[in-house]
Amino acid sequence: MAIERTLSIIKPDAVAKNVIGQIYARFEAAGLKIVAAKMVHLSRGEAEQFYAVHKERPFFKDLVDFMVSGPVMIQALEGEGAIAKNRDLMGATDPKKADKGTIRADFADSIDANAVHGSDAAETAAVEIAFFFPGMNVYTR
């Protein structure tokens with residue numbers, strides 16, 4: 001399996017619960033390296049631009065409202081099969097359907113406040129990482 005990078009966002013609900021460290025520990029235990037990280041409070045424009053792919057979906061406004069409701073922790077993760085590994089760690093989008101021991105099962109409250117975002121493919125990972133971390137801010141280690 002190849003070394004990949006993926007984008008991860010710890011959403012406002014999980015930041016408010018003070019579980020960033022617990023989530024980071026799961027990334028690292030799974031062999032993922034955090035190669036870039038920052039805490040930000042997204043502007044409405046940033047959230048709308050980042051989630052533009054969902055603009056026509058009925059949940060778009062609620063998603064944007066949620067993502068600007070508090071600070072988020074954004075990180076680029078790197079490792080063998082990082083995209084699939086992170087998605088396995090996150091669990092199903094709906095925490096009620098997420099496997100026990102996944103981030104969403106343990107820390108999320110609802111399908112809307114579902115604790116984390118992760119890139120779904122190599123192409124989206126590249127776009128999402130570039131959105132938040134221009135090349136000079138990502139460090140291979």
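Cβ atoms here come from the backbone N, Cα and C positions, even for glycine.
Here is what Swiss-Prot says about this protein:
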ACT_SITE  His117  active site, pros-phosphohistidine intermediate
BINDING   Lys11, Phe59, Arg87, Thr93, Arg104, Asn114  ATP binding site
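What Swiss-Prot annotates, mapped onto the structure for a quick look.
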| residue | record | CB count, 10 Å |
| --- | --- | --- |
| Lys11 | ATP binding site | 23 |
| Phe59 | ATP binding site | 12 |
| Arg87 | ATP binding site | 18 |
| Thr93 | ATP binding site | 14 |
| Arg104 | ATP binding site | 24 |
| Asn114 | ATP binding site | 23 |
| His117 | active site, pros-phosphohistidine intermediate | 21 |
Cα-Cα distance linking His117 (active site, pros-phosphohistidine intermediate) and Phe59 (ATP binding site), given in Å to the nearest integer: 15
Between Arg104 (ATP binding site) and the residue listed as 'active site, pros-phosphohistidine intermediate': CA-CA distance (Å): 10
Phe59 (ATP binding site) - helix vs strand vs coil (DSSP): coil
